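S.K.: I'd like to ask some things about the structure below.
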Amino acid sequence: MSVRPAGDFKTSYVQDMAILDTRLYRLGFAMLVAGLLLAPWWAGRFIFLLNTIGIYAVGACGLGLLTGFTGQISLGHAAFMAIGAYSSAFLSQALRFPFLIALPVTSLITFLFGVVVGLPSLRIKGLYLAIATLAFQFLTEYALIHATGGIGSTTVPPIVIGGWTVRTDRQFYYIVLVVWLAAGAFAANLVRSRIGLAFMAVRDRDYAAQVLGLDLLYYKALAFGIAAGYAGIAGSLWAHYNRLITTEQFNIGASIDYVAMIVIGGLTSAWGPHLGSAFVWSLSQGLQIFTPAVLAVFPAFGKIATPLREIVFGVTLIALLIWEPGGLAMLLRKLKRKLDLWPFAY
Amino acid sequence: MRPVEPVLSVDDLRLSFQGIQAIAGVSLTLASREILGIIGPNGAGKTSVLNCINGFYRPQRGRVVFGGRDITRLPPHRRAALGIARTFQNIALYPGMSVLNNIMTGRVIRMRSGVLACGVYAGHASREHVAHRQVVEEIIDFLEIEDVRRHLVADLPYGIQKKVELGRALAMDPQVLILDEPMAGMSADEKADMARYILELKDVRSLPMILIEHDMGVVMDLCDRLIVMDYGKKIAEGPPGAIQRHPEVIRAYIGEAAEGPAAH
Amino acid sequence: MSEFLLSGLLNGLAVGSIYALIALGFALLYKSTKILNLAHGELVLFGGYLAIALTRAVPFPVAVVLTLLAAAVLGFTVERVIMRPLFGQPLLSVIIVTLALGYVVRGLMVGIWGGSTRNFPQVLPGGIVRVAGIPIQPAGVYSAVTAACLLLGFWLFFRYSLVGIAMRAAANDQLTASTLGVSLRRVFAYAWAFASIAGAVGGILLGLWLGVNFALGFVGLKALAAVILGGLDSIPGAILGGVTIGIIETIAGGYIDANIIYGFKDITAFVVILLVLLVRPYGLFGTEHVERL
Ligand SMILES: Nc1ncnc2c1ncn2[C@@H]1O[C@H](COP(=O)(O)OP(=O)(O)OP(=O)(O)O)[C@@H](O)[C@H]1O
Ligand SMILES: [Mg+2]
């Protein structure tokens, strides 16, 4: 009979600080990545769903750092995504920047916007800050409509990398996947590094962060900048994916969706934004498939198909958050704890 | 004995809040390797003096000099970076973080990796993190809180939280440590532990400290010198033995029988 | 120009008084429960749609009374079924739940009443009245008067009734209030009912004036903006914030829309708020929370 250690034992600090800290996690993650790499073979026409999830997960990662880890509520995240999308469109359309240059430049541009927007957060706090960012959201939409001559929409060329033009959803998927994994890893690393510690200190008690020598203005502006940088990358991907962007794609509704995603996923977990994006988009896609199926059986529901979707979506969110206010990441953590200890209760 | 240059000095501090005079002209000096106690009844202005030293309050008049440099105008985080660490009367930990991360946060200003390096977390950034983790583990050993290092601080009893807060301040490798009632609300055993840590910090690390404490027994045992405050003024200063017999002090404490200076 | 200003002021005051009423409900709920209700706009819509539907069957006054009753029941139900289990949970989780609640209420309304604009049958006299020589729609005058009366009513209620006093106590300090025998559950339930009633009245008034459609859900955000402008912890601030936003929006928005660029009306208010917050980070009447160290 072999004896299984109850839990994992770590023998060095490096091991202890690893992101995937148990064998179970590492195995699960490897399988996840393998599954994602092979997605074009199993996802069929839902590859577009994976693209959407990936792009929004990147954006949500940024908001997760800002709101979940630094405690600054933003209702203007989609505005940064918009700035990213339109900058990227401009860079590749008008200036003929190749994608591999346009992407980092876009993210730098939005980073700078984020820093500027973040500056007032030293004085404007909490819900007041949320409303200030909401004002930024409206102003951005407004400015973009007028910057595009009143129409608000613009076309975007496809991605070209060294002579290879990305045309299909499947090809685009690999671009999204690479960026998604890199962005996710970067965020997870930030969280466990000194930057993450500083962010959490600012979030939990700002004056106690100051006595440790942390400059609140620097870290808040940095968090805004990083969040906006992420949103910019998401916006750039989104622009090249859809090839036609309008300001409505980045309206206040999208900003609120972002907040919903990180809350549903789990605010204080590096996995949260990914889980949240996957959950929200899969649910809404699932409902879109499900409702016609219901209608086929009960044609009488025809008139209420669209509202039904909204109702089910809302009810699911409410039920999930009442069940576990810490979101999906917290659910998974509890599940993992049970698995670690199985078959004993403690 | 020749006089030593003070590590920290405060000169004629005055501070008022909308008419309430919280500090009315207080001066003090802190020598190296010295524990300076500040005592006085509730509302005497003790915490306010600390807040002026570390920069939360801007005094209307007076100067704060640290390591020969006038820091009166510096913002709090700059003073902390110069080496002034402190703890709070009402614990001010980060409730959403583990004990380990709370203390680790004290090392953030000692780490040098940039944002991009932290995000990639390879090479130097990772090695640096491990090195600092080692320092933190030493502090955890010193404070005998190994068993709770993974707990969220919000879940821990008061006495242990006080220890963690001390640990976080120590993690900064400070030049001066300021402790605002580190033993308030502790049991006798916990107080004895805390006193032991404080003495060890003084003897082994030669760390100068300012200590506010209401427990007279503790104050008399630990402090090299005492300052007594009342109504924002310094009413007495001297070695513990002399303070105990000082007439002004006895008068200030009349009616505060529970915390009278007639300790032991 | 000055006639334009005066007319803007009067019309703005009328819209603003409705905003004030809606914002009052919002602020009340925030003060006594610390919940930011993102479904508030939907509650406003609910009042408007239900009253219009009921007016087809029963006389207008009866329809109004029934609507307010329904709003109160809705408020109580939401508190009991959804909010109570979330007591003490993280702020953002609760806010997102109210957002989801908004989806549900909106879905139900679209399902029942469809998505198009609805109008009340003619219940108010038509034509134009003149106030100080300025033409204004009668609905505007009625709205302003009704809102003012209701604001006064609410004020008296919180000042003198037992429930009102309990609610103020809880708003001040939940813990202390509950140790003094105030039932927090009761207070929360009443707060939801009141918020929902204030929203419904706002919906009816706006509906009488402009008709009800889903774009009106946006007033939820405006109420939030009004409350922030006034300062989150100040009820008079919320009222003043609402009136201010109505006036600014009508004058500045109307002027810029007409003369410079279209589409600015709805965001003027937010621009003003941004400017105010840069100078006063806690709104016009809010108090800064000072941490004693
Ligand atoms: N931020 C502030 N705003 C207004 N008044 C303040 C503030 N901080 C302190 N005070 C006032 O200044 C005076 C001194 O307060 P302080 O906290 O320094 O006293 P203390 O000696 O530390 O008392 P305790 O032993 O109770 O901690 C008190 O009257 C207090 O009310
Ligand atoms: Mg004090």
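Every residue, even glycine, has its Cβ placed from backbone N, Cα and C.
Quick caveat, the model's predicted, so the values are computed rather than measured.
Copied straight from TrEMBL:
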type	residues	note
TRANSMEM	C:6-28	transmembrane segment
TRANSMEM	C:60-78	transmembrane segment
TRANSMEM	C:90-114	transmembrane segment
TRANSMEM	C:134-158	transmembrane segment
TRANSMEM	C:187-208	transmembrane segment
TRANSMEM	C:267-285	transmembrane segment
S.K.: Could you pull out which residues elsewhere in the chain have a CB under 8 Å from any CB of the transmembrane segment (C:90-114), counting only those six or more residues past its ends?
M.R.: 34-39, 41-43, 45-46, 49, 53, 78, 82-83, 214, 217, 220
S.K.: What stretch, picked from C:60-78, C:187-208, C:267-285, has the most CB pairs under 8 A with the transmembrane segment (C:6-28)?
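M.R.: Comparing C:60-78, C:187-208, C:267-285 against the transmembrane segment (C:6-28), the winner is C:187-208.
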S.K.: Using a Cβ distance cut-off of under 8 Å, indicate which of C:60-78, C:134-158, C:267-285 has the most pairs with the transmembrane segment (C:187-208).
M.R.: C:60-78
S.K.: I need to check the long-range neighbours of the transmembrane segment (C:60-78): which residues 6 or more away from its ends have a CB within less than 8 Å of a CB in the stretch?
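M.R.: Result: 43, 46-47, 50-51, 54, 101, 120, 123, 189, 192-197, 199-201, 204.
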S.K.: State the residues, same chain only, that lie 6 or more residues beyond the ends of the transmembrane segment (C:267-285) and have a CB under 8 A from a CB inside it; answer 'none' if no residue qualifies.
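M.R.: Distal contacts: 222, 225, 228-232, 234, 236-237, 240-241, 244-245, 248-249, 252-253, 256.
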